[in-house]
Amino acid sequence: MPLELVLLDIAPMMTVLGGVVLELQDCALAHLKEVIATDSEEVAFKNVDVAILVGSMPRKEGMERKDLLKANVKIFKSQGAALDKFAKKTVKVVVVGNPANTNCLTALKSAPSIPKENFSCLTRLDHNRARAQISLKLNVTCSDVKNVIIWGNHSSTQYPDASHATVAIGGKDVPAYEAVKDDAWLKGGFISTVQQRGAAVIQARKLSSAMSAAKAICDHVRDIWFGTPKGQYVSMGVISDGNPYGIAEDLLYSFPVSIEGKNWKIVEGLKIDEFSREKMEVTAKELLEEKETAFEFLSCA
Ligand SMILES: NC(=O)c1ccc[n+]([C@@H]2O[C@H](COP(=O)([O-])OP(=O)(O)OC[C@H]3O[C@@H](n4cnc5c(N)ncnc54)[C@H](O)[C@@H]3O)[C@@H](O)[C@H]2O)c1
Ligand SMILES: *[C@@H]1O[C@H](CO)[C@@H](O)[C@H](O)[C@H]1NC(C)=O
Ligand SMILES: *[C@@H]1O[C@H](CO)[C@@H](O)[C@H](O)[C@H]1NC(C)=O
Ligand SMILES: CC(=O)N[C@H]1CO[C@H](CO)[C@@H](O)[C@@H]1O
């Protein structure tokens with residue numbers, strides 16, 4: 001399937017973006033037919049099938065969380081409205097720019113003619129980090145580790161949950177808790193390592209995750225397009241309407257989902273214990289507060 005890639009950035013970045021175009025050409029990608037660089041939302045979103053919203057306002061020295069949120073509401077309101085106007089109604093919108101969950105909710109609310117199920121935000125990087133930690137612990141490959149879950153916000157309050165995960169050992173999928181045999185780690189160090197992984201990368205690299213984030217975006221979009229393997233699920237931030245886990249309606253929250261025919265479904269029937277429930281609530285509460293502030297900006301902007 002030939003791909004046409006349209007790159008959107010702000011006007012002062014057009015020279016830099018030109019450099020990205022050169023590199024993309026130099027990759028000699030088999031399926032890349034055309035690359036267009038633009039600073040126009042109309043050009044960028046016209047008839048697109050997939051929109052990956054990466055650009056957002058980064059936190060600057062001394063900037064209040066509220067001001068940062070306000071700047072991002074403005075960006076994602078504008079991009080949501082442009083998607084509403086110019087994109088196909090079947091467009092799949094993936095929000096990466098932080099705060100990803102709330103930016104996704106802002107875009108979704110600003111695009112009323114596009115089904116809200118077609119919006120999601122990236123928590124696949126956290127999901128991949130969780131798989132990787134378990135595979136490192138057991139000295140198996142990541143593909144042996146399945147069905148970890150990231151619940152909630154893409155932040156340090158997220159809940160990386162291994163209680164439904166399995167590890168393939170001797171050709172059999174064994175519950176992760178049985179395979180790891182270290183409950184204290186799965187309820188402690190595992191969770192905090194995944195929660196803090198973004199900060200660890202920044203500390204070491206002096207730059208935030210780039211390669212792993214790009215890989216996670218590819219995984220996320222591929223699964224939306226082609227579906228998830230039978231019996232397996234992945235994590236993504238989606239609208240919480242009618243979800244079976246008692247998370248407040250109308251929150252953009254990361255859930256375990258399975259995907260078929262380009263439709264995601266929140267995985268049902270997972271047993272949630274006390275420990276998990278408490279952690280799921282903490283991250284929901286954080287998102288609820290952020291949503292309320294964002295909606296104030298959204299209605300007055
Ligand atoms: N959800 C995740 O897992 C995840 C992972 C990695 C990065 N992120 C987030 O993704 C975002 C991008 O990260 P990065 O490292 O590529 O940052 P970056 O600063 O290198 O790139 C961001 C680009 O967005 C552009 N931009 C700013 N405002 C824009 C607008 N209104 N329209 C179009 N473009 C605009 C900037 O000019 C810049 O080129 C950040 O918010 C980062 O925190 C999220
Ligand atoms: C991990 O497993 C491989 C074989 O798959 C083995 O060669 C290696 O020594 C193991 N490493 C550790 C740290 O156990
Ligand atoms: C939710 O996560 C994002 C991304 O890490 C972060 O910027 C935001 O502050 C978090 N929300 C709250 C209310 O802490
Ligand atoms: C992922 C998802 O829910 N996609 C839907 C987007 O909207 C179109 C058109 O309404 C649906 O057919 C897709 O299933």
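Cβ coordinates come from backbone N, Cα and C, glycine included.
Keep in mind it's a predicted model, so treat the numbers as computed, not measured.
TrEMBL lists 1-18 with the feature signal peptide.
For 4-119, the entry in TrEMBL reads domain 'Lactate/malate dehydrogenase N-terminal'. Sorting the domain 'Lactate/malate dehydrogenase N-terminal' (4-119) by DSSP state (H, G, I as helix; E, B as strand; all else coil) yields 56 helix, 21 strand, 39 coil.
Here TrEMBL flags Asp9, Asn72, Val96, Gly97, Asn98 as NAD(+) binding site.
The substrate binding site feature in TrEMBL is assigned to Arg59, Arg65, Asn98, Arg129.
Among the features that TrEMBL reports, domain 'Lactate/malate dehydrogenase C-terminal' is placed at 123-297.
Sequence-distant neighbours of His154 (active site, proton acceptor) (same chain, six or more apart, CB under 8 Å from its CB) are Asn98, Pro99, Ala100, Asn101, Cys121, Leu122, Thr123, Leu125, Asp126, Gly237, Ser254, listed in sequence order. For His154, the entry in TrEMBL reads active site, proton acceptor.
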**Asked** For the signal peptide (1-18), what are the same-chain contacts with Cβ under 8 Å, counting residues 6+ beyond its ends?
**Response** 24, 29, 31-41, 43-45, 48, 55
**Asked** Can you count the other CB atoms that lie within 10 A of the CB of Asn72 (NAD(+) binding site)?
**Response** 22
**Asked** Within 10 Å of the Cβ of Arg129 (substrate binding site), how many other Cβ atoms can be counted across all chains shown?
**Response** 23
**Asked** Quick one: which of the recorded positions (Arg59, Asn72, Asn98, Arg129, His154) have their CB closer than 6 Å to ligand 3?
**Response** Asn98, His154
**Message:** Just to confirm: which same-chain residues, 6+ apart in sequence, have a Cβ under 8 Å from the Cβ of Gly97 (NAD(+) binding site)?
**Reply:** Leu53, Val54, Gly55, Ser56, Asn72, Ile75, Phe76, Asn103
**Request:** Just report the maximum Cα pair distance in Å for the recorded NAD(+) binders Asp9, Asn72, Val96, Gly97, Asn98, no decimals.
**Result:** 16
